Amino acid sequence: MWFLVLCLDLSLGETGALPPIQSRIIGGWECEKHSKPWQVAVYHQGHFQCGGVLVHPQWVLTAAHCMSDDYQIWLGRHNLSEDEDTAQFHQVSDSFLDPQFDLSLLKKKYLRPYDDISHDLMLLRLAQPARITDAVKILDLPTQEPKLGSTCYTSGWGLISTFTNRGSGTLQCVELRLQSNEKCARAYPEKMTEFVLCATHRDDSGSICLGDSGGALICDGVFQGITSWGYSECADFNDNFVFTKVMPHLKWIKETIEKNS
């Protein structure tokens, strides 16, 4: 998995994408099989790259910093290392970055205190619509603002220990708590704007560590954010994590889908 890690080199590789950065969900638990039917696995040239969210039969919402020159999409997956009869493979016919996302950030070796990493969103159009099944479903866009203190969770595939490069294979879940952006602002020198959400571990329940970029943040049962960035220290249960807030971007999401479907 990839994650926009603020203390690592963010220079572009030859493909025009961020270099692959391994990620972990530490101290969480294995999600119940197919309990997150909107969960998408975004691949680049046959390798797992990012998470994503199925928001329309033919559209996936993910993080802009997951940009690459080639995408493949898997839906209906739980264990990425096994063949599953619920799985659906899709090619991507086009990609659309949020026009407000600052692409120059991806060319920087280091991020600076004045950098604004808001609007970290990208829509991927599938070449063919997904088949909606028990294991593949759309996640509704939010209709209400999230509340501070909400119980949230996110999910993703990746490493589950700070001491190994072995992936979990199975989809992992972790519980978080939504907190004020001011708390993240004290932890991070980069700009915390009204376009992002800040969450931290709930009762030391686990860590997304380097995270699962592009995955959904679900708060009190409502889709509210897309996993975006944080620092790289793993299993630090004092860490705060930043998610792109979906509500302010609804107009762009809906218009992009309508105009390009």
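Keep in mind that glycine also has a Cβ here, set from the backbone N, Cα and C atoms.
Values in this document were obtained by computation on a predicted structure and should not be read as measured data.
For Cys66, the cysteine that Swiss-Prot lists as its disulphide partner among Cys31, Cys50 is Cys50.
Of the cysteines listed (Cys31, Cys152, Cys173), Swiss-Prot assigns Cys152 as the disulfide partner of Cys219. The separation of Cys219 (disulfide bond) from Cys198 (disulfide bond), Cα to Cα, is 12 Å.
Between the CA atoms of His65 (active site, charge relay system) and Cys152 (disulfide bond) there is a gap of 23 Å, rounded to the nearest whole number. In sequence order, Gly169, Thr170, Leu171 are the residues of the chain that are 6 or more apart from Asn79 (N-linked glycosylation site) and have a CB within less than 8 Å of its CB. In this structure the C-alpha atoms belonging to Ser213 (active site, charge relay system) and Asp120 (active site, charge relay system) are separated by 10 Å.
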